[in-house]
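Annotated features in TrEMBL:
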ACT_SITE  C377  active site, nucleophile
BINDING   C258, A259, A260, P261, G262, G263, K264, D278, D306, D324  S-adenosyl-L-methionine binding site
DOMAIN    168-437  domain 'SAM-dependent MTase RsmB/NOP-type'
Amino acid sequence: MNARILAINILARVRATDAYLNVVLDTVLSETPPKDPRDAALVTELTYGATRRQLALDYAITRFADRKLDALEDKVLAALRVGAYQLFHTRVPARAAVAETVQALKDVGLARAAGFVNAILRKLSELPSPPLPSQKDPVEYLSVRESHPRWLVERWIRQFGRERAEAMLVANNLPPAVVIRANSAKVTRDALLAQLKDVGVEARATEASPVGIVLPPVGRVEDVYGYAEGLWQVQDEAAQLVGVYGAIPESARVLDACAAPGGKACHQAETHDVVAVDLHANKLRKIEAEAHRLGLSGRLKAYAHDASEPFPEGWGEFHALVVDAPCSGLGTLRRHPELRYRRKEEDVARLATLQRRILENCQEAVPAGGLLVYAVCTPEPQEGQDQVDMFLRSHPEWTAEPPVLPGLKLPLAQAWLRTLPGPEGYDGFFAARLRKLY
Ligand SMILES: C[S@@+](CC[C@H](N)C(=O)[O-])C[C@H]1O[C@@H](n2cnc3c(N)ncnc32)[C@H](O)[C@@H]1O
């Protein structure tokens, strides 16, 4: 099956089922792998690109469509977006972009819409660049140019200032590099870097994380040296920094209260005994499979449990908890581009309430002298810093205690670990390291 057919099918399925793009893409590519690996790369670029740029593409398509885009069949709208993306953001010659997209639409059984799609794509192909609204309304202009909903642009300008907000929007439209964490239970970062070099992979060390490696563009990560042997795990640098910044003493038994898919739990299990908990039992298999691949099964047990409810006494005592709470995920929009259109502003407050409930229950499980590392993958203060400030105000027995990590330069804001999307190349994360005094 060719790349454009797959891209149309994937985008249509994501729209119809509200599924995650990365999940549908992985499923489709493993069910119907294209013969040529370059086609897999093209499907990835077309689907991620068309989703990242969706709001701007729709703005352009709407100019020439004689009906509301919401009313279009999923595959017809998907074809328009895939076609428009190629015209504005790839080097595919315009004629080929239009003709092959229209042919793909026919091949998926929608020949009756071919004329409609062909006419719009041809009109778009005559434009020198994607149309934009007037700069007189700077929020609207940025919203369309960088393809983020207006409420989010307004909110980020208000919270982070115009310059940083714009940098965040731009960064969310760039594909992230693949970053891995060396599995310290098996190999040091330097040794892994040398081994990768020996097999011709020109990787480099991450700047802030002492355990991270940035891979060059690779095809399937599963085919890269050391994956099958469990020498490393894919993990964004900022997510690695949560484990580093947490600096949980090696003697501690750790409970990871919101663990799936298991990045931070496996990071801890390199050096600790870990109980990994997630609300959704179906996600535990992924945590266990990763622990197995990394050779960490002996140190990690996974259970389904609601972290806002008391933990079973039978699990024993824990000296440290990691609470990587469910959050708006607005720090990971470059990886989950569909999320920016699905999230609503009121989600931030709703999730902050859930985080508070989880935090309240988890703090009960920490003995005096123990640690709690709270983290979220969002730049929203309401879910991060404000959440922790409020917690500390109502819990005098807790204090914020940043770690002393000589030789490391972590991105800190006061006591907190904080990264924002932007030219630094991080996902947006917040983490607090809290100690129970009595
Ligand atoms: C941000 S993700 C955790 C990512 C993970 N720590 C990692 O590093 O790979 C949040 C997780 O919390 C889980 N979750 C949501 N509500 C929960 C609850 N009430 N109790 C426990 N887990 C919950 C979600 O299923 C999701 O897997």
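Heads up, the Cβ atoms here are built off N, Cα and C, so glycines get one too.
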How big is the Cα-to-Cα gap, in Å, between D306 (S-adenosyl-L-methionine binding site) and the residue listed as 'active site, nucleophile'? 20
Pop the Cα-Cα gap between C377 (active site, nucleophile) and C258 (S-adenosyl-L-methionine binding site) into the table, whole Å please. 13
What's the CA to CA span in angstrom from A260 (S-adenosyl-L-methionine binding site) over to the residue listed as 'active site, nucleophile'? 14
Over all pairs within C258, A259, A260, P261, G262, G263, K264, D278, D306, D324, the annotated S-adenosyl-L-methionine binders, what is the largest Cα to Cα distance, rounded to whole Å? 19
Look at the recorded positions C258, A260, C377 and tell me which residue has the greatest number of other C-beta atoms within 10 angstroms of its C-beta. C377
Take the C-alpha atoms of C377 (active site, nucleophile) and G262 (S-adenosyl-L-methionine binding site) and report the distance between them in angstrom, rounded. 14
